[in-house]
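So that you can see what the record holds, here are the features copied from TrEMBL:
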type: TRANSMEM; residues: 6-24; note: transmembrane segment
type: TRANSMEM; residues: 36-53; note: transmembrane segment
type: TRANSMEM; residues: 124-141; note: transmembrane segment
type: TRANSMEM; residues: 147-171; note: transmembrane segment
type: DOMAIN; residues: 184-270; note: domain 'Wax synthase'
type: TRANSMEM; residues: 235-257; note: transmembrane segment
type: TRANSMEM; residues: 263-282; note: transmembrane segment
Amino acid sequence: MEGEIHNFIVVWVIVLASLCYSHTIAKFIPKGKSRFVAIFPIVCLFYSLPLYLTSINLGATTSFFITGLATSKLILFAFGKGPLSSTPPLPLSTFIPLACLQIKLKIYSTSDNVETKKKTTGSTFNLVTKIALLAILIRVYNYKENLHPNFILFCYCLHIYFMLEIMLNIVSIAVRVVSRVELEPAINNPHLASSLQDFWGKRWNLMVTNILRLTIYDPVRSVIKDRIPRKWAPIPAVLATFFVSGLMHELFFYYIGRLKPNGEAMIFFLIHGVTLSVEIVIKKIFNAKILVPRIISVR
């Protein structure tokens with residue numbers, strides 16, 4: 001375990017140094033292909049660094065922050081797009097956390113103190129609730145030999161959801177206190193989603209959704225709209241986005257368990273991509289006049 005902690009510290013020192021380099025070269029290299037060439041080695045490095053971590057907690061967290069978020073944001077930054085691009089340029093103290101996290105910059109003022117306190121209170125209550133539920137869930141595992149395998153799989157899904165919520169809430173509180181900026185909510189009550197489009201677009205893992213929209217969905221839609229009727233341009237863009245998401249999840253599972261990719265994650269996301277595309281087509285045909293009852297959409 002000591003060796004793992006040592007590797008974790010070394011990895012993040014390299015990450016911080018790489019982000020300092022990326023921030024600095026923007027002062028000398030204009031946005032475009034030249035900056036992309038200068039940043040591309042950092043992107044490759046960020047894909048390889050999680051391989052030096054073997055534990056699930058440290059490895060999964062690191063791969064999510066630097067491979068899942070920082071790489072895409074740096075690519076966008078190379079072309080003057082995304083959250084890292086700003087006029088005037090962002091200070092280094094903001095650039096670094098913004099590169100690894102999805103952060104909504106917000107300067108606090110007396111006019112929104114009440115709203116901020118409400119959000120902080122709600123976030124704290126949400127964190128405490130999720131920790132309590134996770135503790136109960138861990139106790140349930142002690143009796144898993146007496147439980148149905150499908151119920152255990154359901155518990156694992158809840159475990160992932162609670163862990164993600166807890167991790168992001170802790171990060172949100174820490175960043176809010178230290179940097180006086182506010183994290184956008186990463187998850188917005190996914191159990192209340194009324195459709196797949198609502199779930200993936202407005203409810204689940206919003207930080208990744210926004211990045212995929214900028215890096216995959218928008219470029220593909222921009223290229224396709226001149227080749228097919230503009231009305232249907234979102235369909236191939238959605239399929240491309242879910243394909244890339246499937247690839248990334250196959251990579252994450254390899255980081256976590258060093259397991260040979262079996263294509264299950266890819267199939268899962270392709271099924272969702274196709275299903276979501278069908279939903280979009282139906283809505284466009286009927287001009288979004290057909291609303292699926294929530295009880296049906298949840299099932």
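Quick reminder: no glycine exception, Cβ is built from N, Cα and C everywhere.
Within its own chain, the transmembrane segment (263-282) is flanked in space by residues 195-197, 200, 232, 234-235, 238-239, 241-243, 245-247, 249-250, 253, 290, which lie at least six positions past its ends and keep a Cβ under 8 Å from the stretch. Each of 6-24, 36-53, 124-141, 147-171 was scored by its Cβ pairs under 8 Å to the transmembrane segment (235-257), and the highest score goes to 36-53.
The predicted model assigns the domain 'Wax synthase' (184-270) a mean pLDDT of 85.
Per DSSP, the domain 'Wax synthase' (184-270) is made up of 64 helix, 0 strand, 23 coil. Just going by CB pairs under 8 A, the stretch in 6-24, 124-141, 147-171 that sits most against the transmembrane segment (36-53) is 6-24. Residues 61, 101, 123, 126-127, 130-131, 133-134, 137, 140-141, 183, 186-187, 190, 205 of the same chain sit 6 or more residues outside the transmembrane segment (147-171) yet have a Cβ under 8 Å from a Cβ within it. Same-chain residues lying 6+ beyond the ends of the transmembrane segment (124-141) with a Cβ under 8 Å from its Cβ atoms: 147, 155, 158-159, 162-163, 165-166, 169-170, 173.
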